[in-house]
Amino acid sequence: RIMRPDDANIAGNVHGGTILKMIEEAGAIISTRHCNSQAGEPCVAALARVERTDFLSPMCIGEVANVSAEITYTSRHSVEVQVNVMSENILTGAKKVTNKATLWYVPLSLKNVNKVLEVPPIQYARKEQEDEGKKRYEEQKLDRLETKQRNGDVILPVINPEPHTVGYSQSSLIHLVGPSDCTLLGFVHGGVTMKLMDEVAGIVAARHCKTNIVTASVDAINFHEKIKKGCVITVSGRMTFTSNKSMEIEVFVDADPFVDESRERYRAVSAFFTYVSLSKEGKPLPVPQLLTETEDEKRRFEEGKGRYLQTKAKRQAQMQQAAQQ
């Protein structure tokens, strides 16, 4: 679809959350279509996880976004989908890849939303493709478990925080889940949640550096539990790490099913977003160093630094491999 002015962020490019929502919609369509391709109980594919996705190039207003999705692996109860996003300048015909993402879905029965159905298997061109997919499946399954176990933090307000501290830029957004946010099953679309998360992360980044900011990448987004229509969700974000030119922001979503008194508030989604600071001309700017005050903030900073160095090393290895080819 063509990108319109209401898709823009404050820098004038397409909002990162809009792109994430389009990616999720493509994944949901192809997964639901595949899971209903054989005779059996009708179902809807629900998003369970988004692997790390990089924003390779900004998309501009007026360009056409082409989103393509392909199923690359199926386990007994989950589907792996690879999504590519390409922007097209319809005036010049120029095309460029802006995003690549990997998403995992599980099929939920239309009759019983707590029932996960079996996934029809796909045919692989080579045995190696199935083996590689199984390896990716086991890795994401382990990471989801580890992430859920460490999800206990909450963000508390700070009185008169100093600039460039964690408390100074931390932000929260409260949203009542309505019918337009939900799937056929009455649970929130993953793309809606990701867009809200990107908005909060963008506010944190802009508060920290007081400049235009853009989404550079999103680390794995883990959907721990479904969010039902009528819930009040709190999307919270805080700065965890800064390098010279990037900011890592932890974002999590807590759901409060206040119409269901039998259920307490719970952690539904968590992820790390990375942003860069831009000048008015769109050039990268130095990022103010994050000032850590508590032991927890210092620990989170070191953990973020580890993720940053790991990603940097992986990117350098890929560049060297490409140069050798």
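The backbone N, Cα and C atoms fix where each Cβ goes, and this holds for glycine too.
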Tell me which range among 70-101, 294-325 TrEMBL lists as region 'Disordered'.
294-325
Short question: which residues 6 or more past the ends of the compositional bias 'Basic and acidic residues' (296-306) have a Cβ under 8 Å from it?
153, 166, 240-241, 243, 248, 250, 272, 290
Between Asn9 (active site) and Asp198 (active site), how far is it from one CA atom to the other, in Å?
11
Among the active-site residues Asn9, Asp198, whose Cβ has the fewest other Cβ atoms within 10 Å?
Asn9
Within the domain 'HotDog ACOT-type' (167-281) only, compute the mean pLDDT.
93
